[in-house]
Amino acid sequence: MKEKLEALKVEALAKLQEVTDPQVLNDLRVKYLGKKGELTEVLRGMGGLSAEERPVIGQVANLVRSAIEEIISTKQEAFQQQETLGRLQAEKVDVTLPGRSLPQGGIHPLNRVVQEIEDIFIGMGYKVAEGPEVETDYYNFEALNLPKDHPARDMQDSFYLTDDLLMRTQTSPVQVRTMQAMNGEVPVKIICPGKVYRRDDDDATHSFQFHQIEGLVIGSNIRMSDLKGTLNQFVKEMFGPSTGIRLRPSFFPFTEPSVEVDVSCFKCGGDGCRLCKQSGWLEILGAGMVHPNVLRMGGYDPEKYSGFAFGMGVERIAMLKYGIDDIRYFYTNDMGFVKQFKGI
Amino acid sequence: MKVSTGWLTDYISLEGVTAEELADKITTAGIEIDGVERRNKGLSGIVTGYVKSKEKHPDADKLNVCIVDAGQGEDLQIVCGAKNVAAGQKVPVALVGAKLPGLEIKKAKLRGVLSQGMICSAKELGLNDKLLPKELQEGILVLPENTEVGQDITKVLGLNDEILEFDLTPNRSDCLSMIGAAYEVSAILGRDLNLPDPAAELVEAGGTAADSISVKIEDEAFCSHYAVRYISGVKPAPSPLWIQNRLMAAGVRPINNIVDITNYVMLEYGQPLHAFDGDQVEGGTLGVRFAREGEVLTTLDGQERKLEPQMLVIADGVKAVGLAGVMGGLATEVTGETVNIVLESAKFDGGTVRKTSRQLGLRSEASLRFEKQVDPKAVIPALNRAAALIARYADGTVHEGIVQAGSDAVPDKILTLSLEKLNNYLGTELSLLEVKTLFGRLRFKCGDAAQGVVEVQVPSRRGDISYDVDLIEEIARLYGYDNIPTTLIEGVTTPGALTRKQSVRRELRRMLALGGYQEVMGYSFIQPEQSKLFPAFSEGSLPVKLAMPMSEERSVLRTSLLPQLLDIALYNTNRRQSDLALFEIGNVFFTDEEQLTRQPRELPVLGLLLSGSRTAKQWNMTAEPVDFFDLKGALESVFAYLGLTGRVVYEGDAPQDYHPGRSASIYLLAEDGRTRIGTMGQLHPELQRKLDLEDTYVAELLLQPLYDSARISLQYSELQRFPGMERDIAVVVDSAVPAGNLLTSIRENGGTLLQNVQVFDVYTGGKMESGKKSVAISLLYRHTEHTLTDEEVSEVHEKVVAALQQTFGAELRK
C-alpha cells in the first residue's frame, strides 16, 4: 500500500507539474483529491491494515496529500496571477487621450489687479472704502481744492449729468466722504478702488472709463518720509523685492507738495528696455501731502493733523504687469483675452 | 514752453552744464523737461553767399545757373532749381563737402553744367519751415540783405542752440517766460542772475504820450491795470535775424519788427503785449469794457466774431478794437504802412479771458498766459522793454510817459514758516541756515527767525505760493526728494480688513470663477434703446442721461447689466467662441426724478449669461447644449454658498424680455414677506432673433440683499448618529402644478423628521394621460436621537401623502 501511495504521488506530481490550464488543474485535483479521487480510493483500503501499519500508512498518505495540495495551490496562484495580469492588460487606457476637465472661469484682469493691490494695503493696515460713481460737483471737485472756475473743471473733460452732478473723474471723492464720516477721528488709513470716467477719446492708452485706486492716510504726525516708505513697501510687494521708487515734483490741486512716483523697471531692473522706454523707470503713481484746504473740508485741523494721499491707474498697472499694449482689450471682453488671466 | 539755452545765457551762465544735464536737474527739481532739441541737425560747411547772377540752364527749363560769392576767394557756379532764386539775394550755400541732415554735397554736373555746391532751403537746413512765409517754404531760404558773405550759417541762424521743452504744470505759469525760466535755473544751479533793466535802456523823446492817447478801465475787477505807450515814426520791416531766430526757436512765426518785438518781450517776460496802429484808433482813446449786445469784431485772423456781453474788449472812441487778452482786431493791425503805434501792456482777469477764449474757440499765446495768471509786476517792465526795442529796431520815437489806468500795486505776500513744521512735514532735519540758503536761491526774501519761525516774502511772479506748505514744497524740491528719508508711519497700528459687503463680493467672484464662469467688464454707458430692456429693477424709474455724451451709443447710464452681456456674447460668438459662461458685477443706475436734482440710485448687480454647450465635444463626451437648469443650478449654488438655500423661491411669472415659458423671478423670503431680488431664464426668442444670438440664458441679481443676508459666520451642527429611512413616491398631478409647490407642501407636512426631499424623475407623455405628469420624489426621514421605526415614519409620511392628494389632487402611482 505504501508503494501504491508513493506511485500515486509520483504520477500526480508529474502530471500536475505539466498543467498549463486552470481547468485541467481543477480536473486533476478532483481526480486525485476529490471524494471519489484516487487518493481517497487508496485510503479506503486502510480498513484492512493492522493496527501497527495504520498510523504509518496514514502518515504517508497525509504526506502524499499535502505534497499534491501544495503543488495545486502553487499552480492555482500562478494561474490567478496570470489571469490578473491578463485582465489588467485588457483594461489598459490610452493615457494620452484628454481627460474631462473642470470648468474654467476666471476673474477679470482688472479686478485681479485691484484685489492684489487691496490685499497688499490690507496687510499694511488699510481698510477699503467705496463710494458712488455719480458724484456731486462738491465732492468731486470743490472739497478737493478745485474751486468753481478751476481750469481742470472744464465741462469738456467730464461727463456731467446736470450742472451739479457728474460721473466721478477720480476716486478722491471717496476720501472726502470718508474723512467727513470719520468725524475728525484719526488715524484714517484707507484705499479707494473704483471706476472713474473722463471725456477722452478712446485709443490704445486712453479709455473714457477706467479704474483708479487711491490711498489716504491722516494722523497726528504723518510725514512725507512716511509716504516714501509706504510706497516703497507697496512697489516691492507688487512688482518684486528688487524694485524701488523715485519721486519727482509735480502738481495736483489736492496735495502739497505733490510728486509723481516712478518705480524702477521690474522688467529690466533699471537698465532700460522697451517697457520703460529705455529710461529704467515706469511712471505709476501720483502722490503728495494732503493739501490743508482738503484737510479742513474733511473736518481736520491742518495745524494738528497731516496726511498723505496717492493714486494710481489700475489699467496702467495691469498693462505694465501683464505686458498688454492696448487698454481697449479690457472692455472688449474677447474670451481669448480675458481667459488668459488665470492661475497664480 | 520752449526754452532756448542760448537765450537763457543772456541772463545766467550755463558754463560746464550740458543741455541734457540741465534738463535732468530741472526735471528733478519740479518741471518736467519733455525733450532736448538740438537746433543744429548736423550742419557743416554751409556759409552765407551772395547771388551775383542767375541765368537759365541751357538744357533744363526748371533749372538756373547761378554765380555765387560765398567768400571762398573764387566765385562758385551753382545749379539751383528753386523758383524764388534771384540775383542780388543773400542765401545759405552748402559748399562741396558740406554736410546736411541725410545729405553730403559733392561736385556734380547737372544736365551737363557743373555745380559747385547747393543753395539751401529752410527745410534742408533742418529748420521748422512752417513758421516761414509760403514762398520761403517752397523755395530757398533768403537771408536779410545786410548779411555778411562767407559766415557760418549755424552762427547766422543761431543754430548752435538747444531747446528745452518745459512741460509746465498749471501752477508754474511763472515759467511761461524766459526770465521765469532763468529764475528757476538760477535756483537750481545756485548761480547769479543778470536781468535786463528796461527803464534804463529806454530813451523818451517827442511829445507827451498823454497828448496822443488816453485810457480807462470800466471795471477794475476784470482788468486791474491797463498801461500804454505812444510811439511815433516807426518803420515796419523785417526784424533783425537774431530776433527772428529766437522767435523761431520758440515756435513763433516772425512777421515784422513791431509784432516780433511784442512777441519777443512776451516770451521774455511772460507778459502779453499788443501794438495798435495809432492812426486807426479813433477818438484818441482806448478803454477796457464788456462787449455790447450784438457787437461784432473782425480779429487779426480775419474772422468776424459775434461778441457777447460777458466778453471783455478793448475799444477806442467808436468801436471794439480787440478781444482783451485774446487777440487784436484787424482794423487796428500794424501793417507795412503803420507810422504811429499804441503799445499796450495790461493785466486782464484770467477767468474772463479763459471764458472768452473757450466760447470763441480762439486760443493764443496771450490768452494762454492770462488764463494762468501773469505777474502783475511785469506789466510796466515789459512795456518799457518793448518800447526800447522798438525805438532801437524800428526807429520809433517813444513819447514821454506811460498812460495808464488801474495799477500794479499788490500787497506784499509774506508767509510764516515754522522750521519744526517743515521738518515734521517732510521727515527731515534741516537747519535754519539750510532753509534760508534754499530760499535765497529762489530769491524769496527771508526775515530773521524768531522762535523757529521764518517770515518769507514771496515774489509777485510766484502766484502759486499761498500757504506755508507751498513753501515746504519749494524747500523739498530744491533739497531733493531723494534726500528725504524713507520711514514707516509711527503711532497706533490699525487692523486692515474688507467690509462684509466686500468679502461677500470677493467670495462670489471666486466661487463663480471656480465654477466655470468668466468675469467680464462692460461700460457704464449704453444706448438709450438698451435702457428699455430687462426693466425688472428699474421699473417705474427713469434712465439717467449724460448731458454731453461722446456718442449716442454711450449716452445713458446702464439700467441692467444684461444688454452688454448680450453684446459681449455676440462679439465672441462672431469670433467662434460660442460656449460662454459669463458674469459681471457692476452698478446699474436709475432715478425717480423727471429732472435730476440729486444722485440717482446706484445698485450693485450680478449678471450671468450662458450659451452654447455645457461641455466641449470630445472623444468621451458629447457637446450638450446648456439649458434653463444649468443656469438655475449656478444660482442655486450661489445661494447655497451664501447660506440662503430655502430662503429663495422661483416664480414662473415671465419677466419682460425673457422666454415666457422658461423664465422666473427670484424672491428672497424674509420674516416680513418677500422681495424680488432677480430674474432668470432664456432670452425671449424674438429678442434673441433680433440680436442674432443662439439660445442664450441670462440672470440678474440684486447684490445688496445678498450682502445683507449672506451667512458669514459658520456654525458646526452635530453629525447624524442614527440611520435615516428613505421613502420614494410617485404622484400624478396636472401638468400645470409646479414641482416646487409639491416640495413646499411636503416640507411643510414632513415636520422635523423630514431631512431631505429630492425630485428624481418627471414623466409626461407616453402612457401618461394628457395634461398630467408624474413626479417621482425621494424623501429621507431621520431622527437625531434614535433609530426611527416603520410606524413613526409611516405616521408622518401618510400625512405628507394625504396633503398632496388633498391640495393637488395627486394620485399615488404604485
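Cβ coordinates come from backbone N, Cα and C, glycine included.
Keep in mind that TrEMBL annotations are predicted by a computer and have not been checked by a curator.
As written in TrEMBL, here are the features:
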- B:D464, B:D470, B:E473, B:E474: Mg(2+) binding site (BINDING)
- B:40-154: domain 'TRNA-binding' (DOMAIN)
- B:410-486: domain 'B5' (DOMAIN)
- B:720-813: domain 'FDX-ACB' (DOMAIN)
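B:D464 (Mg(2+) binding site) falls within neither a helix nor a strand when secondary structure is assigned with DSSP, and so counts as coil. With a cut-off of 8 Å between CB atoms and residues at least 6 apart in sequence, the same chain places B:N171, B:R172, B:S173, B:D174, B:D470 near B:D464 (Mg(2+) binding site), listed in sequence order. Each residue in the domain 'TRNA-binding' (B:40-154) gets a DSSP state, and the totals come to 10 helix, 47 strand, 58 coil.
Counting neighbouring Cβ atoms within 10 Å of each of the binding-site residues (B:D470, B:E473, B:E474), the lowest count belongs to B:D470. Confidence for the domain 'B5' (B:410-486), expressed as mean pLDDT, is 93.
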